[in-house]
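One structure below.
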């Protein structure tokens, strides 16, 4: 095998020099390129052996009570052992440090070492009387990073009583990790005989992880060092691979002996994640970490831009408004009413206002119960109640009727939806029809005996989801071979449902139960949202907000409810309607806009509160918490 180093001796000398950069303070593979000057906080200044206990000092789990520079008093707190921590010409007064303060100092010391402030580490450790880690662990780290495997093995024997109470399987696993690195380094140095000796005389007798031993033996056949690195997925001999080995070994040691790498950073990241979980309006797609948030304040997303108050009331309908839906491009809103009209509204995303564009009223005597937009926002599918046998497709741009669909006077066509690619639509109702049609209104396929009240296309453009009168949502695939299958089942009737844009979650309005969130891939109930009143009327809910981190629904108590998708309790209750709220729609492009349709014959547009405004509005009785991070409106 080709040797990539000038000599084995040179490689060992270089590794010894590099090891000094990681020989103390919980150093890790991230810091292998940094020079260090001690940082162990006195951890290697003539430490007493781990198995020696001075007269009069107590022991616990193999630790000397004075081993880390502390003497335990009767209260369980620690007093700095001045004799153990005195430095040449400096005198120290006794300082009481309880367990929490000791651990905080160790965390700070490790972090300071990681960022290169080793003189500060030494000062902190000397003044506090703490060690970052057990002295035997410090020696162990140093010898591992130097590649002195004989001494590292002796250090491990000293540490045995402190590791999992000397459990044989744990110690064997740690020895295996050391010998694995030793074996690979011999191969890297082109010393196959030494590597074979380690394999036969040291690794194999452990009788541990036999499959890995066989895998290691196959590396003897590597023709080049690069081949070895690739097959073993190994960094090669040196400080980097040894630091990674040390990190693996650290996982077996109790924190009283040696802290895990980057422990303070881990704790801070966990704190940020917990604050994000408690943030009422958190944007789930915003990656919160130490680089993106401030540690000086608690994380809380701003409410700027969140739709919390009525900013416009649309009163052009003359009867109950049963449906509203923003177009996929966010620039139009369609509203459907019992008055047999559909009104198209233009959205001004800068002024956050809507303007009447046109009325689509060709569906005579058809009380409009649903509308569905095509993906390109140019066509709209319009349908009525259970006694309707017709559907209409309108061209929104010119207001002309595009297709009128009717198969039989006996049909019930009370729900429908476009496919995700916009080339087909599906429709059905309570009388047992399920039609798959092209945009010309030609029936491509049908499924008989399927009584449905809500329907949607999945992202694959093949699977159709339908809620039936058996309290189920089932999947139907018209492709050959045809198939149908259960997705989920509720104990009560499913009135309506919607699917999020990621095609993973379903939001169900369930009779006498309220709003339920389902994972349709894992087929499990995720959450029951609290608050709304829902009986046997069709109420349409929606996903929305930034990255669809929120859900909203109407209610029979005249209120619009908003929840964060991860919380059951409402984030906001928007009051203003005077009768049942039948439908809500969140603008998919401009998340500061939310629309709601009601039996009071109005459509309300909800938007953000003006900055700095304390004026009373008709929706000020809503209850709310903080909102999301970046409610961009343009």
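Yeah, the Cβs are placed from backbone N, Cα and C, and that goes for glycine too.
Listed in TrEMBL for this protein:
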type     : residues : note
REGION   : 1-86     : region 'Disordered'
COMPBIAS : 1-21     : compositional bias 'Low complexity'
DOMAIN   : 133-194  : domain 'CTLH'
REPEAT   : 314-355  : repeat 'WD'
REPEAT   : 547-573  : repeat 'WD'
REPEAT   : 574-606  : repeat 'WD'
REGION   : 606-634  : region 'Disordered'
COMPBIAS : 623-634  : compositional bias 'Low complexity'
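Under DSSP, residues within the repeat 'WD' (314-355) fall into helix, strand and coil as 0 helix, 23 strand, 19 coil. If you average pLDDT over the domain 'CTLH' (133-194) in this model, you get 92. Below 8 angstroms of C-beta separation, residues 361, 363-373, 375-377, 380, 382, 394, 396, 399, 538, 540, 579, 582-590, 592-593, 595-605, 607-608, 633-634 of the same chain, each at least six residues beyond the ends of the repeat 'WD' (314-355), sit close to that stretch. Taking DSSP states H, G and I as helix and E and B as strand, the domain 'CTLH' (133-194) has 53 helix, 0 strand, 9 coil.
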